Amino acid sequence: MQLLLLGILCRIVFTGRISVIRKYTVLLGMELMFKFLLGRAWTSLKVLPLIGLAEIFIGSTHLLIQLKLEVLKNLEASSYDLLASFSYKFLVRAILIHEGIDQPRGLAVDPSRVYFADSKLDYIEFVDYDGKGRVQVLASTKLIQHPHAMSIFEDHIYYSDRRLQRLQLYPKYPNGTSREYPSHSFSKALGVIAIHPVLQPSIKENPCSTSGCSHICALGANGTFTCLCPSGHVIEESGGGRQCVLDKRPFMLLDAEYDPLTNELFYLEHGAPVLLMTATLMSSSMIHKTSLTSNNRTLILANQPPDDPSCMAYDWNGRNIYVGKKHSQTIEVVRTQGEQYHAVILHNDQSPTAVSNPVAIAVDSDRGLLFWLDQGKGGVSTKLAGADLDGNNPLVLVSTDLAELDHLALDTVNRRIYFTEAKAGRITSVSYSGQDKRYILNDAGKQPRAIAFFHNHIYYADTAFDKIMVGDVDSGSGDDQPPEFTEFRANVEHLTNLHVIHPANTRQSHPCHNNNGNCEQLCIPGGQQNKFTCICGTGFAIDEATDKCKFYAESFLVIAGKNYIKSIPTDPLRSKVTAFDTLAGTAITSIDFHYDSKSIFWVDAAGLNKGISRLVLGESESRLIIKNNFGGFTIKSVAVDWVNSNLYFVNADSDRSNIEVAQLNGENRKILLTTRTETPTSIAIDPIARYIYWADQGQTPTIQRAWLDGTHKQVIVHTELKEPTDLIVDPNSHYLYWTDAGMDGIFRVNPMALHTTDGNSELRPELVRSDIAEATGIAIIGQNVH
């Protein structure tokens with residue numbers, strides 16, 4: 001019994017590559033394919049994306065493709081739809097059809113014919129391999145209204161119709177029949193293939209089996225073959241045209257960093273904004289590592305806030321990448337070989353060199369230097385700054401006369417920095433020390449954005465004209481004259497970054513290349529040859545007794561913003577050490593910590609993780625332990641009972657508010673208190689004194705308390721309150737502290753002075769600190785209030 005498998009490929013995005021499966025594999029980039037197809041006419045053509053599938057009949061020597069080209073010549077723009085044929089060796093080219101065709105979609109190959117469908121004219125036809133004998137097979141509006149993809153097996157055509165939303169069967173020979181043939185309903189079936197051994201027969205004499213090609217062998221006409229090389233390789237002239245070697249010619253790399261030692265690419269991918277069910281607009285940016293010789297890719301910094309990475313640079317000596325983060329306001333170093341340890345080296349410490357909004361980074365690994373452009377925000381100025389690769393010795397290089405900053409490049413030989421300001425039409429150059437400022441380009445009509453430097457030449461991408469321009473920095477008529485720029489490439493759209501790579505430029509070996517310099521986690525190159533520093537990643541700190549990395553066990557603050565949670569050490573000398581990676585959220589409202597289990601708990605009031613989440617320090621993944629799944633309830637605040645390992649939280653909707661309790665893993669959940677007249681928003685626990693405290697932001701604000709089982713509810717403060725926002729209990733004195741956003745201050749009371757439980761006795765607040773605009777969060781460590 002013959003086996004027929006029809007694959008329906010829905011929502012396919014074509015990449016411009018055509019693949020022949022099994023050992024007759026051919027991978028062609030669009031540019032290479034069109035160059036072979038069109039010859040010298042390539043320079044006058046603008047290529048649009050492929051709009052059809054391509055099939056290969058292994059028994060023949062022809063590959064059939066379907067193209068749409070837009071010819072731009074003599075200021076005339078006219079479109080041609082072509083059906084073209086050429087052999088595996090790309091030596092024979094012929095246009096088969098160019099008339100009576102409007103929107104060709106489906107394409108299938110029979111042993112002697114080419115079948116094609118037109119989705120606008122609504123027909124299926126075939127033509128011989130030489131373009132003759134054109135015959136219409138089907139043009140009935142009853143059976144075909146928008147053909148898209150098709151395949152042939154034996155005597156039948158299988159084609160998908162997008163308007164009729166079905167997969168249809170029809171004879172492959174024209175017979176004018178009105179007979180009903182089988183069909184299957186599918187929604188937006190964009191591809192169909194038939195799979196059977198007879199469709200891919202073996203070849204008795206396969207020249208590729210004895211070709212000796214080192215990588216790819218492509219069949220040609222009349223029993224010939226051609227050896228092909230993957231990207232980054234060329235045919236070795238002394239190898240008989242069959243061996244591929246690394247291409248050592250310089251090349252330009254768009255939107256990526258490159259490691260010539262491992263042949264790996266690192267690129268920053270910015271995703272399109274996505275509208276979530278909560279009507280929140282989310283976007284993402286991710287860093288990937290991939291090889292030039294494969295399509296496999298590895299995600300760098302997987303568990304990070306969405307859309308946080310904004311720029312990166314590669315350190316070729318330490319094998320690290322440096323990542324600028326606009327939301328976390330940090331620059332981090334990430335190990336790329338082995339386990340992905342990473343550490344914050346620069347952050348927003350409100351100093352002149354603070355990192356606030358990094359937009360570009362460049363690294364001189366041989367000198368152990370890092371440079372970055374910071375657009376500034378929140379009191380941090382716009383600047384070009386530099387530092388050592390470990391973050392030490394930061395220095396502001398340029399901070400005046402700056403517009404919107406874009407990208408930078410380094411001349412590591414002459415120790416100069418080049419950076420772009422697209423909106424001002426400027427390219428500026430300064431020395432590594434920030435001296436000798438020069439304008440390489442100063443033209444408001446230009447938009448220089450991406451930039452690269454190579455062999456005294458500046459390359460920049462002009463987004464106003466979609467071009468890459470090049471200029472020799474030594475070509476100026478005088479010391480102060482800018483160079484003349486000429487066109488290097490045209491029609492380059494949406495270009496965000498440029499790098500020039502010289503594989504033959506082999507660098508000296510570095511100690512960090514060998515066993516990571518014997519560093520346990522991160523090896524950071526220094527400013528002198530063969531010098532380096534070992535540092536520990538996030539969540540670890542150097543053990544001064546052993547010089548090894550140990551789990552970070554010192555005190556630190558946990559700080560939550562609307563969409564992030566991060567840590568800050570309380571010791572100023574460890575300002576760059578972080579206890580955990582920055583956590584992402586959508587609408588974070590409350591946080592707490594359980595020391596014995598080293599767990600952070602937080603409330604997210606919106607998004608996919610709406611509820612209470614938990615992260616155990618040292619683990620890479622957080623868990624949603626309490627999920628809001630009852631109507632419109634939203635958890636507002638959470639507090640930890642560290643004695644009995646319980647969670648207390650406020651859960652409310654528009655009609656009622658509950659105070660609930662559960663275990664640390666989210667199990668055994670119970671409602672302790674419920675109210676329809678009050679609005680509890682913040683909660684705190686004193687497990688030693690056995691009390692729950694909460695702030696009520698209702699019509700008459702109050703602070704109340706109850707026993708841990710929810711009984712003996714009592715109002716303890718109802719005067720001198722406007723908008724109590726966050727509560728905390730000092731475990732030593734049992735004083736209750738809170739912030740009041742309406743009164744711009746911090747207040748406290750001593751609940752232990754209140755002995756009655758009849759609900760009538762009250763305490764008078766004591767002002768601790770005033771003039772704190774919209775005070776929201778509070779924490780206590782020892783005698784210090786944060």
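Every residue gets a Cβ built from N, Cα and C, even glycine.
Any TrEMBL annotation is an automated prediction that lacks curation.
According to TrEMBL, the feature repeat 'LDL-receptor class B' maps to 112-156, 645-689, 690-733. If you look up TrEMBL, you'll see 207-245, 511-550 marked as domain 'EGF-like'.
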Beyond the flanks of the domain 'EGF-like' (511-550) by 6 or more, those residues with Cβ under 8 Å of it: 261, 315, 317-320, 333, 335, 337-339, 341-344, 365-369, 388-390, 574, 577-581, 617-618
DSSP helix/strand/coil residue counts for the repeat 'LDL-receptor class B' (690-733): 0 helix, 22 strand, 22 coil
For the domain 'EGF-like' (511-550), mean pLDDT (0 to 100): 87
